[in-house]
Amino acid sequence: MFLTFRLLTGFLGSPSLATGGATISDIHAPSHVAYGICIWGSFGVCGPVFGPIIGGFVAPVKGWQWTIWIMMWLCSFVFILMFFFLPETSAENILYKRAKRLRKSTGDKRLRSQFEIDTKHYTTRDQLVVLGRAFTLTFKEPIVFFMDLYTALLYGVLFLWFESFPLVFGDIYHFNPGEQGLAFLGIFMGGVIPIPLFLIWVKYNIVPQFTKPDFKPEMVLPPTFLGSAALPICLFWYGWSARESVHWVMPIIGSSFFTVGIVTLFNSVLNYLGIAYPQYAASIFAGNALFRASFGAVFPLFARQLFHTLGIGPGNSLLGGIAVCFMPLLYIFYKYGEKIRHMSKNARHDI
């Protein structure tokens, strides 16, 4: 029964991850989408870190069931806010509803929105193509596939640490559950600090360039160079400083580099994909969310076996080595992304 409701939780909660980026793209001017993506994406990274912080104190006192109650209260509060204050953002759907109201008030059945005209002859096959676009774009577009794979690795490592931290701070440093939760503050602070710096960079380097004729989507990628370096630094630092002879603050400091990396990488990658594939942004973001969720679900399954077999240091070194292998990918897309986009029929060609 518990697993069934966990399945329903993922099924019902996934739309916010899949459509959040597309919703932001709908309601903001293209030059300012990066601001919204940064805030939305950063909450998606920093939010899960609060789970262990709260649960570490609540579960030992009230039982693990109380962590579910807290989630229900938070979700109910957000639902009420969204129900009353979040309007429809899709231009096509807004015009469709407006045409529908006009037909009803005037009795003129000829009034149609452009969306209705375009989809009048849609077949079942066409609808299946739309539903499957998140998969087809992910596996047919090299840029989308490798960017999704990279961001999925980041999410996998984040959720793998939910298993790793009890091994390090519980078994090695003998923290109680509440103190183990507080150890995640390093990850949280590492995410908070780069957010204003990233927004400043967007304001002075992206927004002014956006309306210029020589603007390219690849111009949003330079922060990923910092992020791609921070990720392996974090994994090696955290893995090899986690020992009794080293003060517990060192692995916490090392873990903070993870969110420095993930905030700069995640936000830059999502902005890049949204600018490079504006027509299919919703499908692109949905495919990215599927990749991230899949890795986030799978990585914790082998976390304890990985660290018990290899040890904390070698286990994190393995992940750090994988992260190092991904570092050239971002430079390749920065330098040759325009050529790759122009070979695609789905990407933007006018910039």
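Note: Cβ is positioned from N, Cα and C throughout, glycine not excepted.
Whatever TrEMBL says is automated annotation, not expert-curated.
The signal peptide annotation in TrEMBL covers 1-18.
Summarising the annotation, TrEMBL assigns transmembrane segment to 66-86 (among others).
Within the same chain, residues 45, 48, 51-52, 137, 187, 231, 235, 255, 258, 261-262, 265-266, 269-270, 272-273, 276-277, 284, 287-288, 291-300, 303, 306, 319, 322-323, 326, 329-330, 333, 337, 340-341, 344, 347 sit at least 6 positions outside the transmembrane segment (143-162) and bring their C-beta atoms closer than 8 Å to a C-beta of that stretch. The annotation transmembrane segment is assigned in TrEMBL to 143-162 (among others).
If you look up TrEMBL, you'll see 182-202 (among others) marked as transmembrane segment. Long-range contacts of the transmembrane segment (182-202) within its own chain (CB-CB distance under 8 A, at least 6 residues past either end) are made by residues 34-35, 38-39, 42, 45-46, 49-50, 52-53, 56, 158, 161, 165, 168-169, 175, 223, 248, 252-260, 262-264, 267.
According to TrEMBL, the feature transmembrane segment maps to 223-240 (among others).
The transmembrane segment annotation in TrEMBL covers 252-273 (among others).
What TrEMBL records for 280-303 (among others) is transmembrane segment.
Annotation source TrEMBL lists transmembrane segment at 315-334 (among others). Long-range contacts of the transmembrane segment (315-334) within the same chain, counting only residues at least 6 positions beyond its ends with a Cβ under 8 Å from a Cβ of the stretch, are 143, 146-147, 150, 153, 157, 160, 164, 218, 221-222, 224-225, 228-229, 231-232, 235-236, 238-240, 272, 306-307, 309, 340.
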